[in-house]
Amino acid sequence: MNRPSNVFVSARSRRRVVVALVGYALLAVFATFGLPRLFPALTDPVAVRTTIRSTGALAPVVFLAVQALQVLVAPIPGQVLGFVAGYLFGVVWGTALSVAGATIGGYVAFWLARRYGRPVVERLVEDEAIDLFDSFSSRHGNVVLFLIFLVPGLPDDAICFLAGVGDIDTRSFLLASVVGRLPGYFLVALAGARLAEARTAETTALLVVLAAVSAVGYVLRKRVARWLGGENEP
């Protein structure tokens with residue numbers, strides 16, 4: 001019987017969840033108390049977005065690059081960047097840019113793993129994690145990949161590398177990445193956009209919901225890993 005992959009319970013996975021939860025908390029506090037006092041100019045969304053638009057394509061391109069890079073090196077959680085995108089670009093464009101950037105970064109990870117194979121992936125996860133991912137992807141299909149992207153608290157960035165050495169085809173990977181990430185990035189972009197409109201209560205409520213869902217996903221990660229590995233008991 002396979003034991004749960006360490007990709008779900010690794011120190012890297014724990015750090016990402018903790019950073020995300022702390023990030024949500026800090027964003028909520030900053031949105032409520034810090035922004036109006038420290039950066040009053042940023043509380044005028046019309047002025048901020050006018051400045052962003054004056055840069056032409058530069059601001060969206062820079063954001064796409066940073067969002068893609070965070071999938072590979074993870075200096076800042078993608079959800080935090082999604083919040084910033086919502087504030088700067090609005091709900092629709094903030095969501096679109098966040099999902100596009102994360103998908104680009106995920107595809108680069110997927111391509112690197114597919115091009116160079118296990119040696120690249122083994123630097124991030126253990127051999128058994130690779131074998132287990134291949135096993136549950138063939139057993140449960142692309143639905144599993146979609147759920148990992150959908151549920152906060154699961155190691156979606158590492159999964160991009162694992163998918164590259166698994167049986168997942170490129171089209172299915174990209175579809176799962178876009179559709180699975182869309183709800184979460186929509187919510188953080190909505191929170192950012194609400195902050196731009198000085199609707200701090202709604203911003204805080206959305207961030208609390210996202211933090212709670214992330215915490216639940218993290219708490220259930222071992223059970224998910226056991227289910228993916230074919231174990232029936234929680």
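Quick reminder: no glycine exception, Cβ is built from N, Cα and C everywhere.
As recorded in TrEMBL, the features of this protein are as follows:
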DOMAIN    76-193  domain 'VTT'
TRANSMEM  17-35  transmembrane segment
TRANSMEM  55-73  transmembrane segment
TRANSMEM  80-113  transmembrane segment
TRANSMEM  143-165  transmembrane segment
TRANSMEM  172-191  transmembrane segment
TRANSMEM  203-220  transmembrane segment
Averaged pLDDT score, the domain 'VTT' (76-193): 84
Criterion met for the transmembrane segment (172-191) and the transmembrane segment (55-73) (at least three Cβ pairs under 8 Å): no
For the domain 'VTT' (76-193), the number of residues DSSP places in helix, strand and coil: 99 helix, 0 strand, 19 coil
